[in-house]
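Q: Here it is, the structure, as structure tokens.
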Amino acid sequence: MANSRDERDPLSPREDTRRDYGPENNLNLKVVISLSRGVAALNRNTMKNMKSYGLTSSQFMVLEILYHKGEMRVCDITEKILSTAGNMTVVIGNLLKDGYVEKMDTVGDRRSYSLRLTPKGREIIERVFPKHLEILREELESLEEEEKEELVRLMKKMQRRED
């Protein structure tokens, strides 16, 4: 069957659309597609949880980092959650409007400020985060502990190339 997918490999393209870019490039493409699909699957379920509390993923990430790290400058938050300054302005504006965070002046720099959780922000993250952990556990339960550790090691190895 020329149009059927290879049943052994769900990532293989249909025979009539297969392109050969050489073994290394084909494998690189397969890695990226697999990573993207894995992240998309995780995001689908974690996003449902966040959305049920009226949060976007960026809002959740800001609340989570403030919950675990404490008061932090906006530029540091932006860097840690891999966001852009433009997006962060909107995210922070909404978190301020909703009363989840508050601004703290940075001593010696009137142009910069830090954020910290309000009691309302602490309350919401303490409700959302346990469910988030449960979803991650369910989504990753098919991997053995050693496989998870290897995945972390490999991702860190890729990140070092960026530095």
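Using the three backbone atoms N, Cα and C, a Cβ is placed for every residue, glycine included.
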Q: Any idea which of 46-74, 133-161 is down as coiled coil in TrEMBL?
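A: Checking TrEMBL against the ranges 46-74, 133-161, the coiled coil one is 133-161.
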Q: Please report, as numbers and ranges, the same-chain residues at least 6 past the borders of the coiled coil (133-161) whose CB is under 8 Å from any CB of it.
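A: Residues packing against the coiled coil (133-161) from afar: 41-42, 45-46, 49.
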Q: Based on DSSP, tally up the residues of the domain 'HTH marR-type' (28-160) by helix, strand and coil.
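A: Grouping H, G, I as helix and E, B as strand yields 96 helix, 17 strand, 20 coil.
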